[in-house]
Amino acid sequence: MSEASGERPRVEIWTDGGCKPNPGPGGWGALLVCRGQEKELLGGDPETTNNRMELTAAAEALEALKRPCIVTLHTDSEYLRNGITRWHTGWVRRKWRNAAGDPVANMDLWQRILEAAKPHEIDWLWVKGHSGDENNERVDQLATRGREEL
């Protein structure tokens, strides 16, 4: 996923994660597309939650980028999109406590995503799951494979 030096590559990323049951065995999948090249990523965890898998997919996808990029990241997880675009600044200000004063759930993964996102310019887009978005369906299948291949 690289381009000639000088210009930041534009990368489209789709991510998904899930569990069956939730909590339980889970999987995540990601698709990275840059200049017509595609890279699929997937993995799983024997005991997790759907939210952890959604966050893991985003972290893994961003960590796979080898240089600063202009990224459009598509997710069907409102939890991921809202956390990264609306909630995290308050969490950081409150030393990783939510508005109720409790520790933020999945703090380790939120911190991992924020660190991986630093070198990039990212537009976080929400897509409705199972609504015909071909690449969203594709990463859903990757996440299922990640869970099944545990």
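Just so you know, glycine gets a Cβ as well, placed from its N, Cα and C.
Marked as Mg(2+) 1 binding site by Swiss-Prot: Asp16, Glu54, Asp76. The Cβ of Asp76 (Mg(2+) 1 binding site) has 23 neighbouring Cβ atoms from other residues within 10 Å, across all protein chains displayed.
Sequence-distant contacts of Asp16 (Mg(2+) 1 binding site), defined as residues of its own chain at least six apart whose C-beta falls under 8 angstroms from its C-beta, comprise Trp28, Gly29, Ala30, Glu54, Ala57, Thr75, Asp76, Ser77, Gly129, Asn136, Val139, Asp140, Leu142, Ala143. The Mg(2+) 2 binding site annotation in Swiss-Prot covers Asp16, Asp140 and is backed by sequence analysis.
Mean model confidence of the domain 'RNase H type-1' (7-148) amounts to 98 (pLDDT, 0 to 100 scale). Under the heading domain 'RNase H type-1', Swiss-Prot lists 7-148.
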Here are some binding-site residues: Glu54, Asp140. Which one has the most Cβ atoms within 10 Å of its Cβ?
Glu54
Based on DSSP, name the secondary structure state of Asp140 (Mg(2+) 2 binding site): helix, strand or coil.
helix
Report the residues of the chain - excluding Asp16, Glu54, Asp76 - with C-beta within 8 Å of the mean position of the site's C-beta atoms, for the recorded Mg(2+) 1 site, in sequence order.
Thr15, Gly17, Gly18, Met53, Ala57, Thr75, Ser77, Leu80, Gly129, Asn136, Val139, Asp140, Ala143
